[in-house]
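Below: one structure, written as structure tokens.
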């Protein structure tokens, strides 16, 4: 790969979160617990949807895919971030840096499209309930999932093909605890103004546009419900509040990271941690604790577990 793009840089230097040994232990415990929560919480949703026939509906198929993507997105950065806490020199090879960037944008692009698909699913379910089974059929659900993956890969490749061929011959300090397009592009030994604009448009403006589109669509759903029956407005808002919360958690950090890609170190770290750690660990809690069907399944599973213990 180095020969292809003419680079002499074979590795990049990442930025540590802290130099204090006490804080390193604290952050190690904190992020380890959160990452374990991400794994268990998201896999719980995936396996619950797979093995409970009552949840074999488009909404929960999309939710299971979202959980898989949350786990994958978090796994692109969090394990390395935890392992680097006690490292004196945080080094990542050129190849691994490029792979990290690629998978961050694949999973991020897929998650963006899944959130759009879930908003569409809720729109049909709430505004056109009699036509829901016809419009959001299993085939349509499969199409939405496949389209999300194709879009995610296209989104990543459309930027990656330019970055992989940039010449890197000088500074190699990324200035963050993970690799991403805006910071790595800045290290190239050539004029990257046009490419920076492409990245900002591809990741930043698309994130911003999608965010406002989703918020407007949820407002439209609530207005439609209110026009038909004001007494159902609170129920609809309760149903949509989980989706709206997840949209805010995912898109706000993305907009700051790509539309305004070089804030202070503390802000950059905060937004990245929200995207890679906080959102993936909160999504399972949001969708299980605020979802009646998931609560019923959890109650049924706990009862089966209690009965199993009694038998044994």
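Using the three backbone atoms N, Cα and C, a Cβ is placed for every residue, glycine included.
Because TrEMBL annotations are produced automatically, they should be read as predictions rather than curated entries.
Because the structure is a prediction, the values reported are computed rather than measured.
Feature list (source: TrEMBL):
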{"type": "DOMAIN", "residues": "41-287", "note": "domain 'G-protein coupled receptors family 1 profile'"}
{"type": "TRANSMEM", "residues": "25-47", "note": "transmembrane segment"}
{"type": "TRANSMEM", "residues": "59-78", "note": "transmembrane segment"}
{"type": "TRANSMEM", "residues": "98-120", "note": "transmembrane segment"}
{"type": "TRANSMEM", "residues": "141-164", "note": "transmembrane segment"}
{"type": "TRANSMEM", "residues": "205-225", "note": "transmembrane segment"}
{"type": "TRANSMEM", "residues": "237-258", "note": "transmembrane segment"}
{"type": "TRANSMEM", "residues": "270-289", "note": "transmembrane segment"}
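Long-range contacts of the transmembrane segment (59-78) within its own chain (CB-CB distance under 8 A, at least 6 residues past either end) are made by residues 31, 34-35, 38-39, 41-43, 45-46, 49-50, 100, 103-104, 107-108, 110-111, 114-115, 117-118, 121-122, 125, 141, 144-145, 148, 177-178, 272, 275-277, 279-281, 283-284, 287, 293. Residues 108, 111-112, 115, 118-119, 122, 126, 180, 182, 199-200, 203-204, 207-208, 210-211, 214-215, 218, 221-222, 267-268, 271-272, 274-275, 278-279, 282-283, 286-287, 290-291 of the same chain, all 6+ positions outside the transmembrane segment (237-258), place their C-beta atoms under 8 angstroms from a C-beta of that stretch. Only residues 6 or more beyond the boundaries of the transmembrane segment (98-120), in the same chain, are considered here, and those with a CB under 8 A from a CB of the stretch are 1, 59, 62-63, 65-66, 69-70, 72-73, 76-77, 80, 92, 136, 144-145, 147-149, 151-156, 159-160, 163-164, 178-181, 184, 203, 206-207, 210, 213-214, 217-218, 243, 246-247, 250-251, 254. For the domain 'G-protein coupled receptors family 1 profile' (41-287), the model's pLDDT averages out at 88.
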